[in-house]
């Protein structure tokens with residue numbers, strides 16, 4: 001471009017209404033006009049350097065550089081992709097902690113138009129995962145950036161933001177309203193690490209020193225994702241660029257050039273994933289309500305309810321209370337998804353507060369038959385102790401998981417051991433069929449749905465890396481518990497325990513003297529009993545009362561006391 005053309009560009013730009021009399025605007029206008037009228041063969045670094053890495057790695061497509069009418073793409077959004085060092089053998093000479101050569105990255109960008117035609121001001125945050133070899137101790141890297149987006153040429157130039165920490169800008173407003181970022185922060189705080197640990201990791205991270213000693217420059221090219229790859233109605237964009245880190249004191253680079261390759265996230269698809277998840281939780285909660293009703297009908301008598309472990313029911317109620325609080329918190333955090341998460345939280349609240357707590361009280365009352373006749377004061381004291389223990393364990397569990405969040409997966413395995421108290425209760429009391437098989441199988445499957453989605457689905461909306469080994473361990477652990485309960489249901493509560501170590505048990509088919517004077521009528525069915533030919537058709541209680549086998553077994557399913565003298569009966 002000749003000198004006359006440059007002067008004409010300077011005049012046109014300087015005559016803009018908002019830039020007259022301002023030296024800074026004049027300089028920026030001259031730069032933009034110079035870029036527009038000069039053919040661009042590639043991306044240039046923000047400051048001249050001996051190595052033109054932009055020209056070498058980021059060629060500009062001809063179809064995007066042809067002069068003519070252009071549409072100003074709005075590149076505001078979340079971009080997810082990968083990063084890698086071009087020279088993996090020498091990733092960083094100044095920061096030896098940079099031992100990995102590639103990983104995942106997330107870019108949050110906010111683009112706002114300026115008074116200069118063709119130029120948008122860009123702010124954002126770049127998050128690099130898997131940067132350090134000791135990621136579990138230090139964590140990833142997060143860099144605030146700002147720059148310009150020259151949309152006629154689809155070029156993006158950014159540098160590290162040198163603003164003071166704690167200042168909020170447009171990128172902070174966008175991040176605070178972005179469900180992708182909010183749900184990711186929520187899942188990281190709940191399932192991975194606490195905010196206190198994040199602050200400590202940031203201060204002890206090598207990135208904290210890098211911001212003081214390194215200049216970070218990014219040159220990237222923007223392209224639109226083709227219609228075949230775009231699964232949504234909104235436009236999606238692709239960012240491909242290089243990031244360099246020249247040292248402040250011109251003592252070489254802090255690390256080798258890094259290649260960024262990210263694609264924008266379709267927020268509507270992300271919304272749909274979250275809504276589908278809440279529908280799954282709602283359906284699972286409805287199934288659990290049906291299973292609880294089936295179990296209540298199976299143990300609707302005092303004797304049947306007394307066979308159920310109160311610890312097992314209480315542990316499942318605490319699990320549903322935690323899930324209710326988690327979904328309600330997620331709904332409050334992401335306002336656009338509040339209705340979906342609030343519905344899931346409501347159904348969990350119904351399961352926890354109405355059905356499981358009611359069943360818990362029924363089991364508690366059946367296990368304390370003598371307290372029912374001691375008056376209302378004694379009953380109220382017992383209920384106060386029960387509720388205080390339950391809610392104390394509920395609040396204490398929250399504190400334990402907060403303090404030991406690093407061991408959350410083992411804690412979840414411990415929480416999902418809710419069948420073990422029932423197995424122990426069956427062995428100790430020699431209970432006969434306390435749980436319905438449908439309840440055992442149904443609860444085992446429905447309790448696995450949420451943890452397997454969170455830690456097993458590779459495309460879950462909570463942005464948690466899948467852990468197949470942990471999911472397999474959880475499935476095998478719960479399946480083993482359910483199989484033991486089914487074996488106890490069909491073969492007996494103590495079938496897997498050797499008879500030599502079992503205590504002596506009363507036999508209802510014991511021998512008796514044939515010459516004795518015994519009543520030969522069954523007081524349950526009011527029919528006579530043929531004692532000489534009784535075989536297995538007659539059962540004898542410890543108080544020497546005779547009954548038909550079927551009559552006494554049905555009676556003991558309701559009450560464990562003699563129908564004649566009302567004395568307590570031992571287990572059959």
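Backbone N, Cα and C define each Cβ position, glycine as well.
Annotated by TrEMBL as transmembrane segment, the relevant range among 367-385, 386-404, 405-423 is 386-404. Between the stretches 469-491, 492-514, 515-537, 538-560, TrEMBL puts its transmembrane segment entry on 469-491. Which of 274-293, 294-313, 314-333 counts as transmembrane segment depends on TrEMBL, and there it is 274-293.
Under 8 Å from some Cβ of the transmembrane segment (469-491) lie the Cβ atoms of residues 409, 412-413, 416-417, 419-420, 422-423, 426, 433, 435, 437, 440-441, 444, 447-448, 451-452, 455-456, all in the same chain and six or more residues away from its ends.
The domain 'RING-type' (522-566): residue composition by secondary structure is 10 helix, 10 strand, 25 coil, according to DSSP.
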